[in-house]
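Peer 1: My questions will all concern the structure given below.
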Amino acid sequence: MNLTEALLHALKERGAKEVYGIPGDFALPYFKIIESTGILPLVTLSHEPAVGFAADASARFRGGLGVAAVTYGAGALNMVNAIAQAYAEKSPVVVISGAPGTHEGGHGLLLHHQAKHLDSQYRMYKEVTCDQAVLDDPATAPETIARVLQSCIEHSRPVYLEIPRDLPAAPCAPVPAFAASGTDADAVDACARDVLQRVQSAALPMMMVGVEVRRYGIEDKVALLAERLGVPVVTSFMGRGLLASASCLEGTYLGMAGDETLSEAVESSDGLLLLGVIMSDTNFGVSGSQLDRRRVMHAEDRQVRVGYHVYHDIPLGALVDRLLALLDDGQEADMALSGCGGSSDDRALQGAGLAVNPRGFMADAADITPTDIAALLNDFFASHGAMPVASDIGDCLFTMLSVDAIPMVAPGYYASMGFGVPAGMGLQITTKERSLILVGDGAFQMTGMELGNCTRLGIDPIVLVFNNSSWEMLHVFQPETAYSNLGEWDFAAVADGLGGRGHRAATRAELARALTQAHAERGRFQLIDARLAPHSLSPTLARFVEGVRRFSSGQ
Ligand SMILES: Cc1ncc(Cc2csc(CCOP(=O)(O)OP(=O)(O)O)c2C)c(N)n1
Ligand SMILES: [Mg+2]
């Protein structure tokens, strides 16, 4: 076995399903081994940001490792933004980069693709990964790879591995099997009892769930915990779609941009249990009031903050397991709180945050608004079932908050444009199910060309472009400026040229017809160019903008 094969086997054993990548001369040796061995399928795309976005989306959706393989310098540095997003949003992506050979740096020449120093790339990736290594010694490579991949899995953050181009075929022992880090059972027990006691003594306990619940594959356990605790549950903005079937779910917390009753219940809770929630401005930015830390229990990033106490090295899964075990030990008698433990009409918030999403799409000659698209998608999913959904940022993501909760990936916190199309392509590749991509016209201009790879890759996603001829999310904050006007782009014509089928829709009737036709045709991607009514906004974006305005003016 050689070093590249050892790495590929280790990735596959730890849940990777494919390698997304673009090679270069520093990467040719290891790309050749990826292709010739077939240990993991190689999926090449056209531009490295898309490689990173596709690997990230595959990891998030499947809850396993994503793999992004690139060349040194121009390739790897092209992908830094996508990996920064994966880091910020806790997605376990393994970056593999080719590099100059172990003896190439010593001839006094600057090497092509080199930035400031030969190790500048390594240093830049240290800023957007939780662990890194240069595999420059086949004797130590197996242990090093095991350590770095363990960091990726346990911290659910990207990692970086660099392979000098003279070593990919070097003989190498297999990588040791994954062994989870040990945890201190007494510390986990003490933490769980502290949390339970606070939830038990609270008059208005609430639970909020975030992305880590999916990243660590414990969604079912958390739904059970919520039922057993009998406390109302909300998701964070980024956690949208979690616990979709849990009877405890009250809705999605959006601060000033969301349901007032639900926001008030969260912000005034005297026992708020945050499980796997990233404490970001997009999750809490437009809050009516700052959360009172004394009343918050926040489990994230292998730490649990209970008031001003911090419990270190407490994996989220271990905490949830211990909480359930304590409840099994007869604690539930004390825990029977009003809430979703009873019948649905006992629920603390009576489903306040569960917006009544629009249905009953009107297929007439009226202009198309984001709310119309939400209604059409709710009708469509009710008839045809859910599809894996990838959304870019922009009003398409806010519109999804009016769509019944379904499995989806979107960069709700780091919020880089360009994610949607490559992410949706990655979803169909990694799940083998046809995906739906929601993307604004501005974001489509960044990575939409990747659709030209669909025929070669054998995928046929449905792409819905929210075409408002504008960077509308920016325009709403500066309506007096003109630079957000993007002019007229014919995205349907672009689709035809890239091997797909384009549909233009300027009325609601044309939109309904386009989606019906797109769903009926398989074998090539379908792009629906939905021409939106000028400056029309989704209700959630409108409330978000209003909330930010009030928040900024101190109201
Ligand atoms: C890679 C990157 N560069 C710039 C920006 C900054 C931005 C945030 S929102 C936005 C406009 C999005 O326009 P689009 O047409 O896609 O969607 P919509 O607002 O609904 O009309 C920009 C430019 C971000 N977030 N990422
Ligand atoms: Mg736009």
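If you go along the chain as it appears here, the first residue is 1 and each next one adds 1.
Glycine is no exception: its Cβ is also placed from the backbone N, Cα and C atoms.
As annotated by TrEMBL, Mg(2+) binding site applies to ASP441, ASN468. Residues or ranges marked as domain 'Thiamine pyrophosphate enzyme N-terminal TPP-binding' in TrEMBL: 1-112. Feature annotation from TrEMBL assigns domain 'Thiamine pyrophosphate enzyme central' to 194-324. The annotation domain 'Thiamine pyrophosphate enzyme TPP-binding' is assigned in TrEMBL to 409-529.
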Peer 1: Within the domain 'Thiamine pyrophosphate enzyme N-terminal TPP-binding' (1-112), count helix residues (DSSP H, G, I), strand residues (E, B) and coil residues, in that order.
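Peer 2: Across the domain 'Thiamine pyrophosphate enzyme N-terminal TPP-binding' (1-112), DSSP assigns the residues as follows: 53 helix, 19 strand, 40 coil.
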Peer 1: Which state, by DSSP, holds ASP441 (Mg(2+) binding site): helix, strand or coil?
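Peer 2: Where ASP441 (Mg(2+) binding site) sits, the three-state DSSP reduction gives helix.
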Peer 1: Looking only at the domain 'Thiamine pyrophosphate enzyme N-terminal TPP-binding' (1-112), what is the mean pLDDT?
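Peer 2: Across the domain 'Thiamine pyrophosphate enzyme N-terminal TPP-binding' (1-112), the average pLDDT comes out at 96.
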